[in-house]
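Taken from TrEMBL, the feature Fe cation binding site covers 59, 61, 103, 105. Residues or ranges marked as domain 'Pirin N-terminal' in TrEMBL: 27-119. For 172-278, the entry in TrEMBL reads domain 'Pirin C-terminal'.
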């Protein structure tokens with residue numbers, strides 16, 4: 001008997017293979033590769049690993065949000081408006097690039113890894129002023145029940161709500177399941193959803209499906225919720241469950257610029273080239 005009227009099942013799964021990115025960084029790309037070009041409203045999901053002297057030097061963004069979740073070490077960021085700081089292990093930075101930002105993201109320690117998710121913005125929000133929501137690890141709400149722990153980065157789980165304001169309605173949950181545990185999570189029916197396994201192996205969607213291993217991306221069918229089982233007798237399972245309301249708008253993308261039309265992309269490249277409309281270079 002399912003916990004849901006329409007349980008979400010595994011539609012597709014694939015391994016997020018390692019590739020080089022930035023300067024000397026390695027990423028496992030889950031969204032933004034051939035198997036899953038984008039997944040409305042999501043544009044990119046990277047599980048990154050970077051050590052000095054590598055990193056992500058100054059680069060621009062326009063038209064979407066980036067969510068950085070550090071698992072180990074720290075990432076120091078600085079933008080063209082003078083906003084700077086370090087996101088440490090367990091912290092989250094929810095950055096709305098809006099009309100434009102130029103920033104760098106550099107490793108703060110020797111070993112640094114985490115995840116970055118790009119969330120598209122609706123056409124009427126692409127040119128809003130940039131904004132940051134930064135939440136320290138100890139301030140991320142969490143819950144525990146029947147051998148399942150959850151960190152509620154965005155959305156709601158176990159009756160616990162995140163304080164993050166999501167312009168594009170989004171859920172971002174970090175689950176850890178003890179051996180033998182099972183969990184059920186409701187997801188709004190119209191939303192797209194996926195899971196990314198950080199460690200361990202899990203059974204997703206239906207109890208008799210095959211276990212799926214670490215670093216796999218799991219795309220779910222539509223439905224009102226998903227069930228997950230950790231049938232491994234000794235290892236915990238840790239995975240992210242990410243869902244969002246599709247924008248159903250055209251996507252025109254040129255690297256870190258995401259608009260709705262090609263002419264908007266051309267204008268963005270022009271703005272960046274001339275250092276205007278959000279891409280002004282700050283004077284030290």
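Note that Cβ sites are derived from N, Cα and C of the backbone, with glycine treated the same way.
The sparsest Cβ neighbourhood within 10 Å, among the listed binding-site residues (61, 103), is found at 103. Those residues of the chain, other than 59, 61, 103, 105, with a C-beta within 8 angstroms of the mean position of the Fe cation site C-beta atoms are 56, 58, 60, 66, 77, 79, 101, 102, 104, 256.
Taking Cβ-Cβ distances under 8 Å and a sequence gap of 6 or more within the same chain, the neighbours of residue 105 (Fe cation binding site) are 55, 56, 68, 75, 76, 77.
In the predicted model, residues of the domain 'Pirin C-terminal' (172-278) average a pLDDT of 97. Its Cβ placed at the centre, residue 59 (Fe cation binding site) has 13 other Cβ atoms within 10 Å.
The DSSP breakdown of the domain 'Pirin C-terminal' (172-278) into helical (H, G, I), extended (E, B) and coil residues amounts to 13 helix, 49 strand, 45 coil. Taken residue by residue, the domain 'Pirin N-terminal' (27-119) breaks down under DSSP into 0 helix, 65 strand, 28 coil.
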